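A.B. asks: Encoded as structure tokens, here's the structure I'll be asking about.
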Amino acid sequence: MTSLSSTPPDLTRRNLSWRRSLANRTSTLLIGLCVVLAAFPLFLVMWQVISRGGSSMSLDFLTEEIPRNYRTAGPGMGPAIVGTLFITGMAALIAIPIGVLGAVYLNEYGKNKPLARFIRTMADVMTGVPSIMMGLFIYVSYVIVIGEQIGFAGSLALACLMLPIVIRSTEEMLRLVPDELRQASAGLGARKWRTIMTVVLPSASSGITSGALLAIARAAGETAPIIVTVGLTYIYKPDLFYGQNTNLAAQIFRNASQPFAASQERAWGAALTLMGLVFLFTIISRIIASRFAIDKR
Amino acid sequence: MTPTATREAPSEVDLGGEARARRADRSFTGLVTAAGLTVLIVLGLILVTTTLNAWPAISLDPVNFLTGRTWDPNADLFGTVPFLYGTVVTSLIGMIIAVPVSIGIALYITEVAHRRFRKFIVTVIDLLATVPSVVFGLVGGLVVIPAITPAYQWFAGLVAPIPGLNAVFSETNTGRNYFTAGLILAVMCIPIITSISREVFSTVPETDKQAAYALGATRWEMIKGAILPHSFGGLVGASMLGLGRAMGETIAVSLVIGGSLGMTPNMFAPGNTMASVIAQQWGESSGLHTDALIGIGVQLFAITVIINFLARAVVRRAEIKMKGAHS
């Protein structure tokens, strides 16, 4: 841009009054500062968890049973890892089928009917219900009834948390399925349920899977519903229907609340394991989702 | 309906009997409707079962439960005001920090950042959302608190001569307090507020922005004149969703708030929130005490459901308004 010294309207940045230019620069700077402010805690968390958790990480840590005394130094989170996988897995088995079918209702049957709109709103509201409330709900309606805290109760609580997330994300994916597919299938003489099961759901499957994995990742890190419904154990309890159980998040909470170095050490190791699991699920979900985006094109 | 006689299918392509197919269709409709209704059933059951179980503790003295300031399970005194106070105060601190920062990030992503850097920031915010809350509590309790306590003491000394402020930020010997809880909540709410603010900003018509630039506006003036007025309603909704999340957060807060049962205007003093007191006292509670904790849960449930409901309504109304203005 060459300067045209003779023509009156100079529209370049140089002609900006200093107040306006200062306001513009300051605002850009402040907006950039916001990004730094948000990135800082993430890097602090990752750095601390990796450096402190890494020092207690070992094969023994992943497989040994949990020491009964907080003061005992040494490894052991095996039962918590198994508990996390089993409790969350069972929750997924409950929540994902119901959630997917519920989304089918919303997108294929209910559409804009008042009932469907109401369910949609309530699913959104349910996403915002505090996780500890799901724990209390399962405690009063299941744990009290059967008389003991078991792993399966934790699965039920986590399933309540996952349900609205699965419904809403699946519905988004079903909405992306082109109507031509449904019409083509109907034109071939397929009934509506067959169209849905063999055409609509398969073509949205990668998107549904990715949403479900995100829901699993979120549930795996939940603590509050677990400590309310599942109790505590130090040994391997692969049977969700017998005896108290535990998971990684609950172990982090217990061990971090203690003033002893040995237990805090274990909390850091458990945190590293848990974050590894959660990131693994998130990354797999991302990969599946990006595949889906390519398919769409 | 087509008569069945004309639909003689060849034997290898079995289209199924008409009646059977219709039955299959009907039972599938029933199945998916039932799945959809699960949401309503679960929400209803949550409200009914928890309220019923909390009733013995609430009915003991309903007025005291809602307005009492003393929580003493041994004396069967269940006043929940200190916890309500803690919840409100910590989430307000969290919101005061998180809302401007989140709006800033959303603006940075939509208006300022280069395309490649934009992706990086979106990933950072998404990662922040995947960190389990207990890990924030762990880092907050074991790393942030020891580091930040001297800063609190310095600040308390600084404002000591100023009346008013010295009551809000006064002497402290512990980092486990309302303010730390608010800080952690701010970090946890940033991802949700940012992502909704971004959606809101993306509905601002491109023509409005270009028009502002064409009138000679700087970027800041464009943001101030075109984007922010257009998105105000949506941003209010986004902040309320963040608020709902902050009020229900349990574990991270209970690891950093200390766990005192009183209430004080001093933000640098330990306290408790509704959600965290349930988590802290659950293990050693029984009988009426447990019922009272569930009662706190019912209160919390009601508050968060109302806030979420309002927030969704605000966001939706803002969306309709914006789309209407655009078309």
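The backbone N, Cα and C atoms fix where each Cβ goes, and this holds for glycine too.
Because TrEMBL annotations are produced automatically, they should be read as predictions rather than curated entries.
From TrEMBL, here are the annotated features:
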{"type": "TRANSMEM", "residues": "A:29-50", "note": "transmembrane segment"}
{"type": "TRANSMEM", "residues": "A:80-106", "note": "transmembrane segment"}
{"type": "DOMAIN", "residues": "A:81-289", "note": "domain 'ABC transmembrane type-1'"}
{"type": "TRANSMEM", "residues": "A:118-144", "note": "transmembrane segment"}
{"type": "TRANSMEM", "residues": "A:150-167", "note": "transmembrane segment"}
{"type": "TRANSMEM", "residues": "A:267-289", "note": "transmembrane segment"}
A.B. asks: Please work out which recorded stretch in A:118-144, A:150-167, A:267-289 has the most C-beta pairs separated by under 8 angstroms from the transmembrane segment (A:80-106)?
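C.D. replies: Selected stretch: A:150-167, with the most Cβ pairs under 8 Å.
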A.B. asks: Any residues 6+ beyond the ends of the transmembrane segment (A:29-50) with a Cβ under 8 Å from its own?
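C.D. replies: For the transmembrane segment (A:29-50), the sequence-distant neighbours (Cβ-Cβ under 8 Å, at least 6 residues beyond its ends) are 268, 271-272, 275.
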A.B. asks: Is it the case that the transmembrane segment (A:150-167) and the transmembrane segment (A:118-144) touch, counting contact as three or more CB pairs under 8 Å in which the residues of each pair are 6 or more positions apart?
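C.D. replies: Counting Cβ pairs under 8 Å, at least 3, so yes.
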